[in-house]
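**Student:** TrEMBL lists these features:
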DOMAIN    4-128  domain 'MARVEL'
TRANSMEM  6-28  transmembrane segment
TRANSMEM  40-64  transmembrane segment
TRANSMEM  76-95  transmembrane segment
Amino acid sequence: ELSESYLSLFSVFLSLQLFGTIVWILVASTRIPLPLLQGWVMFVAVTAWFLSIVFLSVFLFGYANRIAVNWNQADFIFHGATFVFYFGAFLLQAATTSLHHFPRKFNATTQERILSGREYNISIAASV
């Protein structure tokens, strides 16, 4: 039988899975004008997504009862670190989004922007 704390952890991890997947989809659906910045965003989303699956599996398969760890502290540290990394990823994605009005090539005769209007909107959603 799952206790109330396990159910609340399950809902938190499920929300991490959902929002992590949405970030993947949104970032991957745009052209990547600055691969280093958006690569970090994808790394954070993928790593947090994978680790939350591992963490959730530990609870769902009953390993939490067998491993002598302070799970409240481990949960706090995990979510604190995830917050810090996601906040950094947000700043990088927002910085990339803010460059949308610059031309892709400064010496080109065309005025192609770094992000099109559609990609700009997707990048805003990924930032949020």
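Positions of Cβ are set from backbone N, Cα and C atoms, glycine also.
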**Student:** Helix, strand, coil: count each for the residues of the domain 'MARVEL' (4-128), based on DSSP.
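**Tutor:** Here the numbers are 94 helix, 2 strand, 29 coil.
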**Student:** State the mean pLDDT for the domain 'MARVEL' (4-128).
**Tutor:** 78
**Student:** Please report, as numbers and ranges, the same-chain residues at least 6 past the borders of the transmembrane segment (6-28) whose CB is under 8 Å from any CB of it.
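**Tutor:** The answer is 38, 41-42, 45-46, 48-49, 52-53, 55-56, 59-60, 64, 75, 79, 82, 89, 93, 122-123, 125-126.
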